[in-house]
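One structure below.
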Amino acid sequence: MEPERLHLGSCRQPGRPNVTIFGTGGTIASQAKTTTALSGYQANLSIQSLVDSVSELLDVANLWGIQVSNILSKDMSAAIALQLSKAVNAELSRPDVDGVVVTHGTDTLEETAFLLDLTIQSDKPVVFVGSMRPASALSADGPMNLFQAVILAASKEARGRGTLIAMNNRIGAAWNTNKNHANAPDSFYSVDEGQVGFFVSQRPTFYFGPSLPLGRTVFDVSACPALPQVDIMFGHQDWNVELIRASAATGARGIVFNNVGDGSWSESAKGVAHEVFREKGIPMVYSRRAHSGYAVQRDDDEWAIASGPLPPQKARILLQLTIQAGHDFEEIKEIFTRTWGGAR
């Protein structure tokens, strides 16, 4: 059953932008037992409840709401994320809709935002927002984050920039913005590439004109029933490399390796991964365990694919989309190579 589209507010105001808020749950929609508790909460607030708590939103735009799910993002699945992508694409195809906001838990927000960045077929603004403190907390950050996200989605200047993330006054591109702190309100930013813009007196101020990352590939998932299983392997000392075989044996159609350094393998892991590649033919992508930087393509690892600037959780999503689209190994390698800014 398709989620219901509800008008949020008393009446539609002519001349105001029209923004649709998609709710998926998360800390921003959660309540704890006390105002000082910052853990142990449950996602139980609807989009209507969130909007009711920020009445100023109704002065910014005409609002609609679609509740896709109401879960903490640790429980987000590819099935829900794919449903969300299709629903957002359908909403943006409406000529009267100017932009979309997605409320989401912060734990995996960067993954879902990246998926939508690669699957949205419109240049209208799509803005992800969450919070690090539940709605019940003293000094909750969710209301202001939501207020700024709606302002951003209603802004014509936000068009043509891909999917955006609005958190703690910062405006970031989903392509390169990640969660960098487990607890702090100011946890979302891009280490290397920087931010797209900043909110000044509640106005989105951009640092440069509309642009998209070089090498960004957009996929059509309108007829996609599901995304393939792709597992992530974490590289460390004394790694049990038999887990690579176990992944392939239990249905993985691709494997992403969270390798050390700039994508370096241990000799044992490299050997087993190469064997599995020869036996199963499933694509192998290696990323880097380091917080930022590049996984570098090696001439002696031509059977494996470097993720370039993408961390493992985003490399996994790109690999899922390329496999789902039916690309062969060389085509997948070319798509990943483009993330470096062009063909190698």
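Glycine residues also receive a Cβ, built from the backbone N, Cα and C atoms like all the rest.
Automatic, uncurated: that is what TrEMBL annotation is.
Here TrEMBL flags Thr27, Thr106 as active site. Residues annotated as active site, O-isoaspartyl threonine intermediate in TrEMBL: Thr27. The feature substrate binding site is assigned by TrEMBL to Ser73, Thr106, Asp107. Feature annotation from TrEMBL assigns domain 'L-asparaginase N-terminal' to 18-206. Taken from TrEMBL, the feature domain 'Asparaginase/glutaminase C-terminal' covers 229-336.
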Per DSSP, what is the residue count of the domain 'Asparaginase/glutaminase C-terminal' (229-336) in each of helix, strand and coil?
46 helix, 22 strand, 40 coil
For the substrate site (Ser73, Thr106, Asp107), what does the 8 A shell look like? I mean other same-chain residues with CB within 8 A of the CB centroid.
Gly26, Thr27, Leu72, Lys74, Met76, His104, Gly105, Thr108, Leu109, Gly130, Lys179
Quick check for the class: what is the C-alpha distance, in angstrom and rounded, between Thr106 (active site) and Ser73 (substrate binding site)?
7
Just to verify: the residue among Thr27, Thr106 with the fewest other Cβ atoms within 10 Å, which of the active-site residues is it?
Thr106
If you measure Ser73 (substrate binding site) to Thr27 (active site) at Cα, how many Å is it?
9
Count the Cβ atoms, other than its own, that fall within 10 Å of the Cβ of Ser73 (substrate binding site), considering every protein chain shown.
23
Protein Cβ atoms within 10 Å of Asp107 (substrate binding site), excluding its own:
17
Taking only the residues the record lists as binding substrate, namely Ser73, Thr106, Asp107, what is the largest Cα to Cα distance between any two of them, in Å to the nearest whole number?
7
In this predicted model, what is the average pLDDT of the domain 'L-asparaginase N-terminal' (18-206)?
96
